[in-house]
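**Q** Among the features that TrEMBL reports, active site is placed at 686, 729. Feature annotation from TrEMBL assigns ATP binding site to 362, 363, 364, 365, 366, 367, 368, 369. TrEMBL lists 17-210 with the feature domain 'Lon N-terminal'. For 599-780, the entry in TrEMBL reads domain 'Lon proteolytic'.
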């Protein structure tokens, strides 16, 4: 311990002083405070000051977390202080007793080795003591006395101390040092040299803090009263229990009430649910155990106490980890993965956001349900799934009221209980297959569940209390989003999952399906190999689907056949399944597809169609039969496609000069348009250009190229409009060996988003008007 030496300051001079940076403290003049110094930079600063004049510049850091600081990391205003005493402590710590002398501001910084030195300016000003200052002083002291009385952490002696002070500067600094406010506010007080600006600000701060302490005191009183009431109730309940035991009325059923009360005390519930449980527990205690109502109430209480009300999992916010998990589980699906990563990126910045509602729409087998499971794994959340397919009773969503025998909560609350947390990933499967009848409309009940503005207060008919679903990440799946009611669809963010293309199915089979089936059938990679040619053959000729379920079944069938063959041989060799020997394992192809070969035909046009199983060719055949004013359409055409045929006829008649045909051909011929595979329903406007081309070919007796296909909607003015399902249509063209394809110019943006593998080798011809198609096909 070192003694102190008094140093006189000349306030007219500038001083070069050692800086002692402070992490969580704003020092004021006239304070005498012991500081524990542990940072190497601060220890060196103290030692430097002790060797010189014991003077230090006490200044707060801008960032309290920073360990090593420079001049730019410190505030410009602080306090010139004097070290009174230094005591060495264990663990290389120093206890430094420091006295604040005067306010000072930095003129310049200088860093030597690890120590910061500053040249200080010490302002000189005289207090203009007047009636206003005196009024402020009295009000400040009065407010501070109230502050001390309200704040249990401050001793009453502070009131005596402030009453003894005459110097207004000392009064303000003394009071400021004891205020429990933000560091930034204390720093602002320190920087106010003039009393005229410092005093009003401190009065504002003290008024605010006193109001807060008043409210806190009221809350403490209410909490204390509630605790006393709770303890009194507990005491009376225990007395009642003992009396019942003495009367011999306490049995196994009575212990149920005690167990439920114990669980209730341990469970944190919202106020409404808390009050409901209290009321039901009181009723349960008064009802004879053999009463039917006893079990109804007990079951209700168990449901409420088993539900998660506060419990939640911590979200995983690593984008790299989430990307890895999503890529491990699924191939492609980039739009869906991107949306999940966006949600995780937002979670990194905003810790609490409303749960999104995603609708994954696509054909069967593309991975909608399994993607929901992957989302939960990527976020580190619990996963729960309910199937909505075929439900037609609103009570299955909202629950049954307790007046009914065997009533229970709806599927939503059941799912939350199963999840055990308030923020699971909740998958609502097959939402487009909900039905409605006289028992209500389940889709309408889902409106409240899937509306972010309402689902924080979802009410199940069984529970009869509000339940917060706002933290749930809802994922909805549907095969056909058009079948979802519009108000419900409006609350969802729809992400289309198109069917997989052939090359994507090949990659999925190679990366996911084959390893999975080898393991399930007890095989290793050394036992069985399936070549790419064989896989392509399975995809094209053995399966007809948008997803990969049937592809997985065929691979599983090959594995089982391989197990039989390997079991029959003493020294088994590796089996190789190729295109040549594939039929030994799977039989003959089910959906044989041949490349389009042969001569051109008059009146035959090739179109492209979308089906739930992917793309396909659409052959249009047109025959002209001597007759009058008759248009026959066969092939099970839908209403929209029939209208497209009518538009084609009228459009051709309106352009008879351009097309060089007889304007009155309908008076000479009966037109018969047929689309093969008559048992398969066909619908949609995209066959408009194909129907028109086939009819012109028949009228001009000029065949169309066999290696060209087309798709597009046509208007009465001959404009070509965009169509959907383009990716699947182009894949169908590739599969059938068609390289030239006519497309609407409006579909150019869709083509730009497609993969290079799909477009490679295709010649795409974009048109805006049918006359462009005519010039391409018929003009020599």
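Along the chain as shown, the residues are counted starting at 1.
Cβ from N, Cα, C; glycine included.
Annotations in TrEMBL come from automatic prediction, not curation.
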**Q** Express the distance between the Cα positions of residue 364 (ATP binding site) and residue 729 (active site) as a whole number of Å.
**A** 18
**Q** DSSP secondary structure for residue 729 (active site), reduced to helix/strand/coil, please.
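**A** DSSP call for residue 729 (active site): helix.
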**Q** Enumerate same-chain residues with a sequence separation of six or more from residue 368 (ATP binding site) and a Cβ-Cβ distance below 8 A; give 'none' if the list is empty.
**A** 360, 361, 362, 477, 497
**Q** So around the ATP site, 362, 363, 364, 365, 366, 367, 368, 369 aside, which residues have their CB within 8 A of the centroid of those CB atoms?
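**A** Those within range, site residues removed, are 360, 477, 479, 497, 546, 547.
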**Q** Among the recorded positions 369, 686, point out the residue whose Cβ has the most other Cβ atoms within 10 Å, with all shown protein chains included in the count.
**A** 686
**Q** Write down the Cα-Cα distance for residue 729 (active site) and residue 367 (ATP binding site), rounded and given in Å.
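**A** Residue 729 (active site) has its Cα 21 Å from the Cα of residue 367 (ATP binding site).
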**Q** Roughly how many Å lie between the Cα atoms of residue 366 (ATP binding site) and residue 686 (active site), rounded to a whole value?
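**A** So the alpha carbons of residue 366 (ATP binding site) and residue 686 (active site) sit roughly 24 Å from each other.
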**Q** Around residue 362 (ATP binding site), how many other C-beta atoms are within 10 angstroms of its C-beta?
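**A** Around residue 362 (ATP binding site), other Cβ atoms within 10 Å: 25.
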**Q** For residue 367 (ATP binding site), what is the tally of other C-beta atoms lying within 10 angstroms of its C-beta?
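**A** Within a 10 Å radius of the Cβ of residue 367 (ATP binding site) lie 24 other Cβ atoms.
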**Q** Which of these binding-site residues has the least crowded Cβ, counting other Cβ atoms within 10 Å: 363, 364, 365?
**A** 364
